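What TrEMBL records for this protein:
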ACT_SITE  B:Cys307  active site, nucleophile
BINDING   B:Cys178, B:Ala179, B:Ala180, B:Pro181, B:Gly182, B:Gly183, B:Lys184, B:Asp201, B:Asp234, B:Asp252  S-adenosyl-L-methionine binding site
DOMAIN    B:74-380  domain 'SAM-dependent MTase RsmB/NOP-type'
Amino acid sequence: MSPALFCKLTTVPGGESLRESSCVRPQKYVLAPEHRTHLVQCLHEDRGTSVEPKSLELEKVTSSLQDMGFDEAHVNSLLSLQPSVHPQQLLDIISEFLLLGLHPEPVFVAVTKSPQLLKLSTMQMKRRSSYLRKLGLGEGKLKRVLHGCPEVFTMRQRDIDNVVKVLKEKCLFTVQQITELLHRCPGVFQEDPSELEYKFQYAYFRMGLKHLDIVRSDFFQYSVTKIKQRHMYLERLGRYQTPDKKGQTQIPNPLLKDILRVSEEEFLARTACSSAEEFGVFKKLLDREEEESKSHASEEEEEEEEEEEEEEEEEEEELL
Amino acid sequence: MAAPVLRGVRKLLKLVDFTPVPRRHRYKKKWATTEPEFPASRLALQNFDMSYGIQFGDLWPSIRVSLLSEQKYGALVNNFAAWDNVSAKLEQLSAKDFVNEAISRQKLEPESDLSPTPSPDCSPNLRCFTFSRGDVRRFPPARLGSLGLMDYYLMDAASLLPVLALGLQPGDTVLDLCAAPGGKTLALLQTGCCRNLAANDLSTSRIGRLQKVLHSYVPQDIREGNQVRVTSWDGRKWGELEGDTYDRVLVDVPCTTDRHSLHEEENNIFQRSRKKERQMLPMLQVQLLAAGLLATKPGGHVVYSTCSLSHLQNEYVVQGAIELLANQYSIKVQVEDLSHFRKLFMDTFCFFPSCQVGELVIPNLMANFGPMYFCKMHRLP
């Protein structure tokens, strides 16, 4: 569409034709920045001459939003989040969210938290929500996912794919488990895939947890540092044992929720039965151990590489 | 499971091994024919969980986590080098001389009227720096100072307590019956009180280490004169060899070296092949302590020490040796009360409150020294 036609639209007093044409607009806003800047230019130009059409458009959008259930304060807040975004586009995106079955309040919270949501096209939104539905994160579950991770709509598909791939192929979670996991800990979407794998391996091999335990305890929402600190403290105290091949331990291990979910005070008082100052010292010592084993591991890798190179050279010599 | 996960397991299991093993000792999978399924350090931990869980009850978890975490060191200042400079340098690191602090406290506190004898004096001239409670900083490695001698010796600060408790006085003849690898021997020399010091250990290789320590810390004229004699004989024979000879005797016996056994695989006494040897330890310890007592002059003093938490290697041995001397030799030995001594060092070390005889430093994350058991005895004149 030519910029000239576009500018003409802004001077048309009739609201309806404005709405009709505007429905086509939003894609162009995202895909063609030059059109957007042109819009801003036109608006600036018009400011002096015809204030009415712009405020009329705003009025239309405002009343639509209010019809959807947003109160006046929320509406004003929404409209000021991303000034570069056309109010009509904002309305379209909000409408999409509501079409997904979300209520105004959670939508308001999500959009306020991540204003870049407003820059999406309805096409992108539909594509993403369809994908999420395929993952099992449809209507009812979407609210929590959106709340925990609004970026789930703006993220690159490739990044989401990598996360799901790790969960499925490396960690061997079932499809249902993956759905439940992502529903409970939407933050997983944004985790680095290799860190995710490491966290899983720590849970499965080091702590002896089963897939179901990992999902139900929201294990992935905790940082690796916190997990290691609390688990290794309990282990060295003698209050946690990694189950043997038969899945047995000599002592009853504390419940996962009593290890990870509780506050540090409660963890120390009830699970570890230890003092804050001892735990503080332990954390410092553990930190240092981790640092040193990391630099140690990379040294070892270098040494092993050198050894392998030497061995290869020897083999070559023998062949000669 | 898919191969990539297995690879990850190996990496994780490496991380489980919390001690960096020296490269030459490291398990090399491509050359080994069998995997070490149950390492001796793990056997040691199982053994400790069983016996110390009962012996220490609720105290055991905090001891256990400390034993499994990095230990704390003290820096014993070398009086034969520029000790005042070294002390100043260590103070700049915000470390404190715990011996000096304890002695200052002793001077401030008036002695109880109830004690029949004056509280025993600590061996003099010992300066040992540690970082404060909860401070996990490490000392820089010791360096050669002027005079070609090392500036300080890094050791478990609790190891100094048996030497302090022995209460050397100027001109004493001293015997260190199980001296290797030489930390306590060095401390004995630092007091400046030894008219003669006899340092002995059955193991020639470990005596070699002791020689190296003396070489790095002690001036030649002291090492090579008549003052210091180093031997590698069987300590159990000392009653016959040099009976009734020494003013002060230190018997720092071979034991299960609890902390060490949880971390080092090499020569670990908890290896299945050494089970018999381990079970015979208390008997060996009684024999060594008895020999040390026999080598003491009547009226002289002995300190028995181990770095184990076990009743069987500590109080039982003391009581066994005293009984043996009474029954077989009609020699009376009295245990000396060290509770005053313990109070002096309570701020630096964590002591077990319920020893029948002697004192026991238990590891605690706030003061990760020990284990160190010591008991002072007086051979009655």
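Placed from the backbone N, Cα and C atoms, the Cβ positions cover glycine too.
Note that TrEMBL annotation is computational and uncurated.
Averaged over the domain 'SAM-dependent MTase RsmB/NOP-type' (B:74-380), the predicted model has a pLDDT of 95. In sequence order, B:Asp201, B:Ser203, B:Arg206, B:Ile207, B:Arg209, B:Leu210 constitute the residues six or more apart from B:Ala180 (S-adenosyl-L-methionine binding site) in its chain with CB-CB distances below 8 Å. On a Cα basis, B:Cys307 (active site, nucleophile) lies 13 Å away from B:Cys178 (S-adenosyl-L-methionine binding site). In sequence order, B:Asp156, B:Ser159, B:Cys255, B:Thr257, B:Asp258, B:Arg259, B:His260, B:Gly370, B:Pro371, B:Met372, B:Tyr373 are the residues of the chain that are 6 or more apart from the residue listed as 'active site, nucleophile' and have a CB within less than 8 Å of its CB.
With a 10 A radius on its CB, B:Cys178 (S-adenosyl-L-methionine binding site) counts 23 other CB atoms from all the protein chains. Once the Cα atoms of B:Cys178, B:Ala179, B:Ala180, B:Pro181, B:Gly182, B:Gly183, B:Lys184, B:Asp201, B:Asp234, B:Asp252, the listed binders of S-adenosyl-L-methionine, are compared pairwise, the greatest separation found is 20 Å. Look at the binding-site residues B:Gly182, B:Lys184, B:Asp234 and count other Cβ atoms within 10 Å of each Cβ; B:Asp234 has the fewest. Taken residue by residue with DSSP, B:Ala180 (S-adenosyl-L-methionine binding site) is part of neither helix nor strand, so it is coil. According to its DSSP assignment, B:Cys307 (active site, nucleophile) is coil.
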